[in-house]
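Peer 1: Quick paste of what Swiss-Prot says about this protein:
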type: BINDING; residues: Cys109, His112, Cys180; note: Zn(2+) binding site
type: REGION; residues: 1-36; note: region 'Disordered'
Amino acid sequence: MDAIIKSFPPRPDQTSVPAEQAGYLDKPITDRPSREEAEAAVRTLLRWAGDNPDREGLKETPARVVKAYQELFGGYDLCPAEELGRTFEEVAGYEDMVLVKDIPFHSHCEHHMVPIVGKAHVGYLPDGKVVGLSKIARVVDIFARRLQTQEAITAQIAGAIQNVLQPLGVAVMVEAEHMCMAMRGVRKQGASTLTTTFTGAFKTRPEDQARFITMVRDSRSG
C-alpha cells in the first residue's frame, strides 16, 4: 500500500518547484471541457436516466451539478505540498508523536463516482519541526476532493507528509463507508472499510504502530 501514490505532471506555472516536491503538485494536465460542454453532458445523463432535462424541476440541474462538481472535486486545483510548506522549529524539545484524530471527509470513488464518507487519523513523529494542525486536515481534504480509492487516499496522505516534512515516520488510518457498496451491487449498508499506511519508524517499529492504533482507539472508549 505504501507505493500507491498517484503522480501527475507539475502545473505549468510551478516549474520552479524543487524536484522532490514536483510529484505532489498533483494537478493533471488535462483537456478540461468548457462549462457549457459539462452542462451538456449532464443533460445527456439526465436523458439516459429516463427523465426530461427540459421539465421545470430539472432545467437548472445541469448548471447546479457543474457548480457542485467544482467544489466536490476542487482538490485537483490544490497542492498538498504547498499546504505543508510552512513549518515550526520551536517545539521546545518535543519529540513524541503528533496525532490528529477523527478528521471527517467526503470523497468519491473513482469506479462509480458515488460518495465515500469517512474519517482519517494521521500521526507523525517530528524530526525537529512540526506543521500547523489544520494543515494536516487540509491535506486530507485536498486528496479527498478527487476521485479516489480508499487505499490510494490513505497512501497519498502518508506520502505527502513524509516527503514534504521528512519526519521520522508517518502513520495514517482511514475508516470509511462506500456508497458504491451500500447503494448498489451487494447493498450492504453500514459496512465499513479500514486501511492503514506506515512509513519510517512506524513501519520498522511495531511498538510505534501499536501505540498509534491504541491512541486512535482510545478516543472511542473515552
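Cβ coordinates are placed from backbone N, Cα and C, and glycine is handled just like the others.
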Peer 1: Under 8 Å Cβ-Cβ from Cys180 (Zn(2+) binding site), six or more apart in the same chain: what's there?
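Peer 2: Expected: Cys109, His111, His112, Val114.
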Peer 1: Going by a 10 angstroms cut-off between Cβ atoms, which of the binding-site residues Cys109, His112 has the sparsest surroundings?
Peer 2: His112
